[in-house]
């Protein structure tokens, strides 16, 4: 009997590994044509020529400068078209073009913006992505606003400021404060990659707040300190308390992929502040098992992932990460999940080869009772089946009585 629920797939090397041609033709082209992960807001007419170029030049390493550079002219051309549309008063067209430019930048800096390389070309692409995206969303009826939150609870190697996005529905004000969904982003998806989620959240009359997780993008929390996210959320929640149009007594968090780890942690450490938490495709313990880490680069994630994970957790080498991360960061090993928690919904595909489904199942053996929905035959995140369940659960939880603030 195999040790891992993933079964034979645990030892399988997926055919797209090391081949951008196979990745594009077998996985990404279809996702791009549907504008789904990781191509949200994108258009295949922008991407097909780029991937044809990369394939013709045999560029297969997404970590290379050549990979990123291949996307930049297309993104710049879209920004120029957007400027012309804006000058002509065509605001909706300009916004759509800028969103398309932003997602081209997003794929160019995929899969990870190395926080230890502030001058890298991927960082440049990320900065351009944010600029294009905020221009695009400023043209929406209900725009997304960037706010720089003071990290009032910071210690040690934490940075001083926390950039977040906030989007509120029409009618939100001091006399009508609205519930909050705080999105915790992932390893490769950052603040500017969540348009559709904010649309869905606002359509239900809630505010969307989007924040990045330690070791990624612009997050100032010390990636090497397992307790840094606790201070991060303390500062974010303290700021949100000061916004009169936001009802912080009716708040849930939604952690996506790597963000799911932080949703699980917050469900325990900040249980008195939250009505609930969704951990969507989360790791908590087994994803850091050396046996799992020895095989994860072979699985469904588009590129190698362990180097990014190592940097994200504050390690200088993959070897140090593999040797020490589970003992240091596991929410089981450190006893976090033995504490009481707020309501916690766990969602994933049973065939997840990025973080094992065991990381959801083990939580039912610890702490407060949990809720879960797992999808046989589906990979990481359990898409598309898991999304309707997410919104149904949020609707139920945010209709519950408010939390009493301390």
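Cβ atoms here come from the backbone N, Cα and C positions, even for glycine.
From a predicted model like this one, the values you see are computed outputs, not experimental measurements.
Taken straight from Swiss-Prot:
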type	residues	note
ACT_SITE	257	active site, nucleophile
ACT_SITE	352	active site
ACT_SITE	380	active site
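Its own atom aside, the Cβ of residue 380 (active site) has 20 Cβ atoms within 10 angstroms in the protein chains shown. When the active-site residues 257, 352 are compared by the number of other CB atoms within 10 angstroms of each CB, 257 has the fewest. According to DSSP, residue 380 (active site) is assigned to a helical segment. Cα to Cα, residue 380 (active site) and residue 352 (active site) are separated by 4 Å. Residue 352 (active site) sits 11 Å from the residue listed as 'active site, nucleophile', taking the CA atoms of both as reference points.
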